[in-house]
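Here TrEMBL flags LYS138, LYS157, GLU206, TYR207, ALA208, GLU255, ASN256, ASP269 as ATP binding site. The compositional bias 'Low complexity' feature in TrEMBL is assigned to 1-10, 95-109. What TrEMBL lists as compositional bias 'Basic and acidic residues' is 11-26. The annotation compositional bias 'Polar residues' is assigned in TrEMBL to 55-73, 84-94. Annotation comment: TrEMBL describes LYS253 as SUMO2 cross-link. Summarising the annotation, TrEMBL assigns domain 'Protein kinase' to 128-412. Feature annotation from TrEMBL assigns region 'Disordered' to 1-109, 282-312.
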Amino acid sequence: MSVSSLSSLESRIKKLSESLSHDHTPGSKSRSLRKPLSTFVINTYDNNQKKVNKRPSQSSSHGNHGTPKLNSRAQRHTDIGPSTRFSTSASNNGPGSISRLHLSSSVPSSPISQYPIPPSLELSIKDFEVGKPLGRGKLGRVYCCRHIGSNYVCALKVMSKEQLTSQGLELNLRREIEISRNLVHPKLCRLLSFFHDDDNVYLVIEYAVGGELYYSLKKQGLFNNPQASNYTFQLTQALIYLRLKGVVHRDIKPENILVTEGNNIKLSDFGWSVKLSSSKADSTLNESRPPKRLLLGNSHKPSLLPTSAKPQNKRHTLCGTLDYLPPEMIESKVHDAQVDNWALGVLIYEMLVGKPPFEEADKGDTYKRIVNIDVRYPDYLDPLAKDLIGSLLQKIPSERLLLTKVMSHPWIVRYKPQWKQYSLPH
Ligand SMILES: Nc1ncnc2c1ncn2[C@@H]1O[C@H](COP(=O)(O)OP(=O)(O)OP(=O)(O)O)[C@@H](O)[C@H]1O
């Protein structure tokens with residue numbers, strides 16, 4: 001599809017998506033301020049609350065839940081042969097009693113085109129050799145693992161059913177799976193498969209060896225123009241694809257961007273994504289069919305999740321991450337796909353400055369600065385970058401720069417020749 005037809009399609013989608021409004025996503029209750037949560041709905045105008053650490057550490061700040069208990073049927077010690085790409089560790093602090101494994105970060109995951117894992121449901125945890133923990137999310141841990149049958153290295157997100165239920169996040173998970181299972185793009189972290197047992201739900205995800213862009217950014221402090229423009233370009237590619245699929249991500253932030261070999265990025269975490277109403281979607285999006293009913297079990301197993309995760313026409317949910325929330329969400333107005341364009345502007349700023357543009361100790365102050373579009377640019381910022389950020393951080397959503405125009409913005413064009421030179425080592 002040509003850039004001009006993408007542009008016009010993007011404009012049409014923008015209009016169509018203006019019909020998005022109420023989202024009755026059940027509230028999640030424990031996300032930090034860097035996490036999207038419906039508690040923002042309750043707390044938006046509560047300025048008396050103490051601000052919590054906005055940048056929780058990967059291993060400890062996602063709540064007080066330990067490693068989810070793997071089904072005892074799955075507990076085993078793996079027998080690692082010398083020919084495998086894993087090496088054993090003396091420690092045994094992985095899930096259950098499974099030996100903890102370490103994967104050399106130089107080992108690439110298999111190309112997605114060759115991924116040989118069965119689509120779903122025939123799988124069980126026994127089909128995987130579980131390796132080192134990669135991180136912890138709100139509902140459980142993510143492990144590096146190997147699909148035994150194929151030797152395919154992937155990430156396994158293990159979520160406790162108990163926690164899913166107690167935190168009312170079944171619908172979010174269901175929506176995440178429904179949306180992400182239909183997304184296949186080199187700049188998106190692909191959901192390869194999913195299955196469940198008595199205790200947990202497991203998502204098999206493409207493995208991103210470099211981890212979160214957030215940690216690269218924290219390590220380096222800030223990115224230079226070539227690096228930031230490279231990541232911006234790649235993320236915009238992902239967003240254009242999502243736009244064509246009628247999907248709004250709603251939680252763009254460096255924590256949800258994973259880095260792979262060759263400094264490639266993959267957008268992840270579709271827990272807060274939504275799909276434009278199929279009845280409203282442009283026919284060229286090929287999204288006119290309602291999503292298939294999601295089954296998280298074999299026929300003899302009850303389906304874990306409710307079946308009401310249909311795309312909503314209207315959305316008012318205050319989701320997204322505090323620093324990345326657009327004015328329309330803070331003001332409880334209807335929002336549309338342009339929330340992702342706003343977040344892209346926030347991200348570019350954060351990459352170049354090292355902190356998000358509206359960050360304040362008090363979240364009420366952050367909200368004020370967001371609704372007033374109070375962006376303060378450091379002197380050292382390239383004027384071209386300022387121009388791009390400013391054109392994305394527009395109060396009126398329809399005035400935000402089109403994604404296709406981001407791709408050809410002079411800041412991108414100017415630094416493109418230096419992208420290879422400034423690749424981050426991973
Ligand atoms: N596909 C992956 N490849 C490599 N590392 C991953 C992958 N997915 C997740 N991780 C690591 O595991 C950590 C936890 O991931 P997870 O998605 O559970 O957390 P999260 O983004 O905080 O999710 P949530 O907000 O849903 O709790 C991430 O911060 C990341 O470092």
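Note: Cβ is positioned from N, Cα and C throughout, glycine not excepted.
Checking the recorded positions LYS138, TYR207, ALA208, LYS253, ASP269 against ligand 1, the ones whose Cβ sits under 6 Å from it are LYS138, TYR207, ALA208, ASP269. Binding-site extent for ATP: residues LYS138, LYS157, GLU206, TYR207, ALA208, GLU255, ASN256, ASP269, maximum pairwise Cα distance 19 Å (rounded to the nearest whole number). In this structure the alpha carbons, written CA, of the residue listed as 'SUMO2 cross-link' and LYS157 (ATP binding site) are 20 Å apart. DSSP assigns GLU206 (ATP binding site) to a strand in the three-state reduction.
Summed and averaged per residue, pLDDT over the domain 'Protein kinase' (128-412) gives 85. Secondary structure at LYS138 (ATP binding site), taken from DSSP and collapsed to helix, strand or coil, is coil. Non-local neighbourhood of LYS157 (ATP binding site): GLY137, GLY140, ARG141, VAL142, TYR202, LEU203, ILE205, each in the same chain, at least six residues away, with C-beta under 8 Å from its C-beta. Ranking the recorded positions LYS138, LYS253 by how many other Cβ atoms lie within 10 angstroms of each Cβ puts LYS138 at the bottom.
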